[in-house]
Every structure is written in structure tokens, then in C-alpha cells.
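Beneath this line is the structure, given in C-alpha cells, with notes to follow.
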Amino acid sequence: MRIIFMGTPDFSVPVLDALVAAEHEVVAVYSQPPRPAGRGKRDRPSPVQARAETLGLTVRNPVSLKSTEEQSALADLNADVAVVVAYGLILPQAVLDAPARGCLNIHASLLPRWRGAAPIHRAIMAGDTMTGVCIMQMEAGLDTGPVLLRRETSIGAEDTTGTLHDRLSAIGAKAIVDALSQLDELTPKPQPDDGVTYATKIDKSEAKVDWTAPAPHINRQILGLSPFPGAWTMAGGKRLKLLQSRVANGTGALGEVLHGLTVACGDGAVEISRVQPEGKGAMDAKDWLLGARIAPGTVLE
């Protein structure tokens, strides 16, 4: 098939690789423009653009797809289908209609649950035990289109947004290849009206740990915000990101370190096993404790 691929972050890269490996003809890759990054704040291409250039594919970086010039250029590609994975730009109706078979989106949730920008974070933070990927025929609404194919996976007790992100990316890559091979046989199923929830974008204000909350809530917050933006607390006057945890037994003052890095909460405790100190990389909590001088009885803020 002649495919237009639209994607930007790391999540999208395995999907592009899978389409190329399946010997589809990727006629163009659309990705958001390079952005300043790193200490030097030099423009850096998106992960998708970097991978596409390695593969020798044509890359386009429009700031918007609203102009008639951009829409005409896309239509002139005469694509059979567009595959859209975390692209980040709104697709006008003219773009949705341009490919012969329309635009297919890979969405990282079991629609209609968690429509929107942050479905992986929200699933973990809500305590969901199942999630998955949907291949959806795109329409004008936000993740409202009929679903062609669904693939499920369980959310484990130790899953973070990082681990689930990688797993769902791989599932999505296989699912879109399967969907394209069965496109004539698959029947798009409208999403039900019941069970709609929205995965709003994560706000950095959600990352500060409130030790008055119950342990299960704090544990889900830590796992759901790991690795980015990272739930955090103050320890010894410095910000400490909390990256991995589990619910534990124990009682004490709110935010009190009971032993190791097991911390008392509003109800129960959480055992934190991986952290990222301010200005440093991620490390095991036990290694951080060796130099942090955080003794039992210390209160995290």
C-alpha cells in the first residue's frame, strides 16, 4: 500500500519500522518541526524524523495542515491510507479525506475509555488493570471514530507509564500491520456512548506528592508519572523524583521515612525503590540512601 505516515515521538518509531518491514510504500513521513533541545538549545528533529531520514524516507514538517497548499501537496501523494500515531497536529477534514482509504489512528487505550492526550498516564493513575491499543478510522471528533481492531494487555502492579508506553508501542506496530492486511475484511465498529472518559494532558502541578493521600493513590501517582514528568517530594531541601514504588505496610507521621525509603501516607505506606535526585540521573533508592543522610524519622515534604 502507498502510505503516508504521521507521527512525532518515540512511541511512533516502532510503528514506522513495522510498516517499512512489511514492505509498504511509505510515500512521505509527516512529523512536527525540529525543536530546540539539549543544553545548547539547538534545533533537534523529532524521533520519527530522525528515524525516517535514516530509512531514506521523504520527511515533511509543516507547522500546520490548514493551508490549501499543504492540503494539496498531501493529496498529490495519492496515498491509499494515512497512518497517524501521536502526530500532534489537528487534521482538517480535507486531510482526513485525501487518502483513498482515509486516515487510521493508533490510540493507546481501549476506546471510548481515555480519549485524548495522555491515555497511558491516566490509565495507571486511575488504577486500571487492563488497557490496550485501538486502530481507529479517524473523523473530525477527538478520538471518536469507529474502531477496526482492538488489542488488549494487562497493567501489572509494577508497570510505569514508561514500561507500558514501550509495550503498547510494540502492540500498536503489530496491530496496524495486521489491520492493513485485513482492511477489506474488517468492519469498523462505532464506539459506544457509555464509558467515555477523557485523558487530559498531564499538568506539572499533578506531580507534587501529597503525603496526606492514601498509599494506593500515591503509588498510582508515582507509577503513572514515571518517568515523565515524575512525581516528586522534597528531601533534605532538594527535589527528589520518585520513579518506582509499591504499597507497603506501616504507619507514622505523614511523609515520615519509616525504614529504608518506606514512607508513611494518609493511609498505609509506600516503599520507593527508584528515584532521581535533583540534577542527577535515575538510580536505585538504596544507592541514593547511601549518601543522602535520610534517617528513619525524617519527614519528606
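Along the chain as shown, the residues are counted starting at 1.
Every residue gets a Cβ built from N, Cα and C, even glycine.
Listed in Swiss-Prot:
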type    : residues                       : note
BINDING : Ser109, Leu110, Leu111, Pro112 : (6S)-5,6,7,8-tetrahydrofolate binding site
Note: in the chain of Pro112 ((6S)-5,6,7,8-tetrahydrofolate binding site), residues six or more apart in sequence with C-beta under 8 angstroms of its C-beta are Asp143, Thr144, Gln191, Pro192, Asp193, Asp194, Gly195, Val196, Thr197
Starting from the Cβ centroid of Ser109, Leu110, Leu111, Pro112, the recorded (6S)-5,6,7,8-tetrahydrofolate site, name every other residue in that chain with its Cβ within 8 Å, sequence order please. His107, Arg113, Trp114, Arg115, Pro119, Gly132, Cys134, Asp143, Val147, Gln191, Gly195
At a 10 A cut-off on CB-CB distances, which of the binding-site residues Leu110, Leu111 has the highest count? Leu111
Just how many other Cβ atoms lie inside 10 Å of the Cβ on Ser109 ((6S)-5,6,7,8-tetrahydrofolate binding site)? 23
